[in-house]
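*Asks:* The structure that follows is given in the form of structure tokens.
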């Protein structure tokens, strides 16, 4: 078995073929495309007026042409053709995944073995021209791009509220075509359907897609066939494939606001990229090209054909263009499927929101809340209970507050247009920086797609006074909170990095103390001198196997000391216990909490374990492969442990297994007096204490009265209180009774 240094089990993009790929492509229908698939319910009523005379034939062809070409250039070409190729190495998509690749939170070259390196820090000194990384050159753009990306993410989350509201009310409202009395009950009926939808989220994406996929397939088949029938009755609508018809429509009518209606045909296209982590690029492409694109194009063409034939259907183009007319068998089947499809449509944005929250937590831009993984196949399929209930409350309140589907459509679309433009910006950066192509290709990409996105964004901005203020306000509030949280997390990370210490600069043995007294110590602690000697091989236990290292072990059974603030040495009492210190941030050295512990409790347990956790993309890791143990060779009784766990594994470590590996290492490392050593370990293992630290944050003085006051209020009164409400439990023991919670004062 390889060591973690060569472990490539970080989450990878899923690769499937054959039947599995076909099944995943089919499953993606219900999760990704249901939103964009229900747009025909309301698009034409926002482009043309539903009152007064029907639009003339040329205007109808021009409006439909605008939809056809917008649908071709953006969802098909930009998202399916380009964006899906820019997913992260873990297979994630969306604006935040793009940002993560440019500015990764963790060093991509970080070695898991470093987490167990307790007695030295590895420093690489350049004696020539310093190497400037891509991130270093872009540091000036880091915060602007991060805020830009967080704004896109916040708007997508706001869309998770608007999409269910618009889709469900629009589909339920179709019943008023045959039963006008229902018009007064659309809102309560819609709220009832929404409750059912959100209550079903706990079953997970995988189970929901099994139910949703065949229903969504039937929906696309129905609207595609209806469209073909209507096109056959009025073939002149096929002139809409001529892009000049769309251009002339806007030139002739000078109705720039109509572009905001065309934009609604694209709502849901951002879910194509955002849900990449739930499926694969190939499966998403197959389902779009083979079914979604042709079905929707024919549906829009068919609605246009029916309006040309009979202008009265403009009152409700979708439901009145169903072949057979109202009260026909096909009409009722389509209405029922429309309601179901609208509920499923809401699923696309709900799922995308769960994925985004998962990404945000991983990047330290959102509080740590409970995330449930719902699939043993795909690590990206998650359910976030707290977000689900917040979305449910927000959606129901929005439906009740706006009061009608028409009012909701006025608020809809702004978030989509903004996210599309931000995605184009980030993709343009990716072309030269991540893909390695010439920068001119990135500029050309931005000029072409940025121009198209800007046209839609401008039209959406004009709707702010009419209702688009709602997603703008909600997205802005979310963005401000996420920027604030990111800032606080960054300050904590800097504190962790600057205050992690080498073990042998915290604890001193007899040899080191003797050297300090004789003033012969060097800048590097003497406890590492043995690392350069060659002779006896040292064995490092790695997940049930052993790895030879050309090093010599130093048996140190003497006394241990800590240095007091006045510079004097204080001898530590050695207790027959085991202590486990958790290292949530990983990295070399020992956590700041260890030094704090020794000064508060001046006693040293016989066995001290520094435990870090790495989560891999598998649901489970076998017990024999789960733990990597390293002995601190110059200080007796200290061990670094890396716990590798799957995303469905329990958090708490198996202490007996770890102690068993420690005994194995000691037997190999120190064959002299091995029985006494093992007896001491066995005795110490009878009392195990888990030490989990947290920070009490204090704002650092900035020598500026107003800045100090604001900074102190933000850090000590707001951020620190939020941290208490949302503790990071990703690497903490699960409800262990023998847990000591250590509070460390951190000046940031």
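The first residue you see is number 1, and the count goes up from there.
Placed from the backbone N, Cα and C atoms, the Cβ positions cover glycine too.
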*Asks:* Would you mind telling me which of 467-487, 488-508, 509-529, 530-550 TrEMBL tags as transmembrane segment?
*Replies:* 467-487
*Asks:* Using TrEMBL as the reference, determine which range in 96-117, 118-139, 382-403 is annotated transmembrane segment.
*Replies:* 382-403
*Asks:* What range among 329-361, 560-592 does TrEMBL describe as transmembrane segment?
*Replies:* 329-361
*Asks:* Is the transmembrane segment (21-48) packed against any residues at least 6 beyond its ends, judged by a Cβ distance under 8 Å, and which are they?
*Replies:* 54-55, 59-60, 63, 66-67, 75, 163, 166-167, 170-171, 174, 205, 208-217, 219-220, 223, 258, 260-262, 264-269, 271-272, 275, 278-280, 282-284, 286-288, 290-292, 295-296, 299-300, 303-304, 307, 314, 316-318, 338, 341-342, 344-349, 351, 405-406, 409
*Asks:* Are the transmembrane segment (329-361) and the transmembrane segment (382-403) close, by which I mean at least 3 Cβ pairs under 8 Å that are 6+ residues apart in sequence?
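*Replies:* Contact between the transmembrane segment (382-403) and the transmembrane segment (329-361): present, because at least 3 Cβ pairs are under 8 Å.
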*Asks:* Pop the mean pLDDT for the domain 'K+ potassium transporter C-terminal' (577-713) in here, whole number is fine.
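*Replies:* A mean pLDDT of 87 is what the predicted model shows over the domain 'K+ potassium transporter C-terminal' (577-713).
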*Asks:* Using Cβ distances below 8 Å and needing 3 or more such pairs, separated by at least 6 in sequence, tell me whether the transmembrane segment (467-487) contacts the transmembrane segment (211-232).
*Replies:* no
*Asks:* Which of 60-77, 174-199, 441-461 has the most Cβ pairs closer than 8 Å to the transmembrane segment (382-403)?
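*Replies:* Per the Cβ under 8 Å count, 174-199.
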*Asks:* Quickly jot the same-chain residues contacting the transmembrane segment (258-276) by Cβ under 8 Å, restricted to those at least six beyond its ends, or write none.
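*Replies:* Answer is 28, 31-37, 39-40, 42-44, 46-48, 63, 66-67, 70-71, 74-75, 79-80, 83-84, 87, 91-94, 97, 156, 159, 163, 166, 249-250, 284, 288, 296, 300, 345, 348-349, 351-352, 355-356, 409, 412-413, 416-417, 419-420, 423, 455-456, 459-460, 462-463.
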*Asks:* Would you mind splitting the domain 'K+ potassium transporter C-terminal' (577-713) into helix, strand and coil residue counts from DSSP?
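*Replies:* Split into helix, strand and coil, the domain 'K+ potassium transporter C-terminal' (577-713) gives 47 helix, 46 strand, 44 coil.
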